[in-house]
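This report concerns only the one structure given below.
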Amino acid sequence: MKHSEESRIRSTTVIGVLRDGKAALGSDGQMTLGNTVVKHSTRKIRSLYQGRLLAGFAGATADALTLLDRFEEKLEAYNGKLERAAVELARDWRTDKYLRRLEAMLAIVSSEKALIISGTGDVIEPEDGIVAIGSGSMYALAAARALMKHTGLHAGEIVQESLRTAADICIYTNDHIVVEEV
């Protein structure tokens, strides 16, 4: 069953950056139901596998949390190997009837790797070490790329400033920003 546009809880920006052997992942806090903001301080970032990984989610909240739980199971099964766990989750996502109906995306970072698991079950590893998902993702991505290219800011600062830029532009992104680092 597809979520109707009015009943879908959506609207977020999650961005992760790798720089100098460190990773940061951050998100805004806005949750929207249809055209109404229902919460300003939603936590969309989770620390995983004994604090070695960070995961953020966008999309239908219940769907995203289901995927996050499945991803954690895969991490445990594959001893924290990020890429292997992501590929196995994507494989399940594509073949399982129930999972295929989930409308969510995950952005995952470690100190060495940044991945997106898309809503179609694809695993994407961006070449520039920047992952961005959600309604304000393209604004945050553009800001992060410019900051990576033209400043010496560390990963957490880039994430923070990129989210501020997205919040200034995207109506579904607010400035209640949470950034975590590994």
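Any Cβ shown, glycine's included, is placed from N, Cα and C.
Under the heading active site, Swiss-Prot lists THR12, citing sequence analysis as support. Residues or ranges marked as Na(+) binding site in Swiss-Prot: ALA167, CYS170, THR173.
Projection of Swiss-Prot feature records onto the structure.
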| residue | record | DSSP (3 states) |
| --- | --- | --- |
| THR12 | active site | coil |
| ALA167 | Na(+) binding site | helix |
| THR173 | Na(+) binding site | coil |
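Note on THR173 (Na(+) binding site): other Cβ atoms within 10 Å of its Cβ, all shown chains, come to 29. Put simply, THR12 (active site) is 9 Å from CYS170 (Na(+) binding site) when counted between their Cα atoms. Here the C-alpha separation of THR173 (Na(+) binding site) and the residue listed as 'active site' works out to 5 Å. Between the residue listed as 'active site' and ALA167 (Na(+) binding site), the C-alpha separation comes to 10 Å.
There are 30 other Cβ atoms within 10 Å of the Cβ belonging to the residue listed as 'active site'. Listed in sequence order, the residues THR13, ASP28, GLN30, SER135, GLY136, TYR139, ALA140, LEU163, ALA166, ASP168, ILE169, ILE171, TYR172, ASN174, ASP175 complete the 8 Å Cβ shell around the Na(+) site centroid, once ALA167, CYS170, THR173 themselves are left out. In sequence order, THR13, ASP28, GLY136, THR173, ASN174, ASP175, ILE177 are the residues near ALA167 (Na(+) binding site), counting only same-chain partners six or more apart with C-beta under 8 A. Cβ contacts within 10 Å of CYS170 (Na(+) binding site), excluding its own Cβ and spanning all protein chains shown: 21.
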